[in-house]
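Heads up: the structure comes next, in structure tokens.
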Amino acid sequence: MIDDLFAGLPALEKGSVWLVGAGPGDPGLLTLHAANALRQADVIVHDALVNEDCLKLARPGAVLEFAGKRGGKPSPKQRDISLRLVELARAGNRVLRLKGGDPFVFGRGGEEALTLVEHQVPFRIVPGITAGIGGLAYAGIPVTHREVNHAVTFLTGHDSSGLVPDRINWQGIASGSPVIVMYMAMKHIGAITANLIAGGRSPDEPVAFVCNAATPQQAVLETTLARAEADVAAAGLEPPAIVVVGEVVRLRAALDWIGALDGRKLAADPFANRILRNPA
């Protein structure tokens, strides 16, 4: 039955590249297109954030090439990775570029796709579940909740230079976005939280750090904007992590379904009769 389902999906052709999102960690969150590509690819160029269990779906004989990029650590240059995809495709391979999360959400998938266009290499984009949604769901934190917010902002915690992005209007986000989800923000969390507080956010606003989201190593720290930097240091947390700011963090007390599997008692009223401001 499952083979019949895969038989109806598009083929990964020789000389082409698929840019595929592997989701936030759990192999069960792979899409059918992603699993199908793993079954067909001759070469799989994968990121550091791709769960090794996902790679077990690769067909026998497939070549695995690591192209992981981690902030502050030695890693291949983006242009070199993009050109490697071109080289592999021109050699007649069926190439799978497998990226954690979604390739078009802070995954530099657009840059790689533009290089393929530049060199006239056929390609397909296969979206994945981004960690800023799926990873938070595994922590029991919804990015939207009708009583809390009508908008959410996704941002990166560092720019191409490795510094806090100076093109982000921190005051505007602080005043206008009830929920903020941040990727790659651990390194500069002190500066980022200071920017948000200076922009008008309450120092007591809840914040959650979800490290190694959707994996057996998942760890969640709940804190506040004012205590975030110190609490992260005290806990010894390391990237990768998703950071979420906003009242939705309080819902984890009721929606931590993984914790419930281990015996956590979930709260019936996670807001404990708190008066919430009108959703923005």
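From the backbone N, Cα and C atoms, a Cβ is placed for every residue, glycine too.
With PRO24, GLY100, GLY101, ASP102, THR130, ALA131, MET184, ALA241 listed by Swiss-Prot as binding S-adenosyl-L-homocysteine, the candidate from ALA213, ALA267, ALA268 annotated for that site turns out to be ALA213.
Taking each of the binding-site residues MET184, ALA241 in turn and counting other Cβ atoms within 10 Å of its Cβ gives the largest count for ALA241. Applying an 8 A CB threshold to same-chain residues 6+ apart, the list for GLY101 (S-adenosyl-L-homocysteine binding site) reads GLY21, ALA22, GLY23, PRO24, LEU49, GLY107, GLY128, ILE129, THR130, ALA131, GLY132, GLY134. ALA241 (S-adenosyl-L-homocysteine binding site) carries a strand DSSP state (E or B). Residues PRO24, GLY100, GLY101, ASP102, THR130, ALA131, MET184, ALA213, ALA241, recorded as binding S-adenosyl-L-homocysteine, reach a greatest CA to CA spacing of 15 Å.
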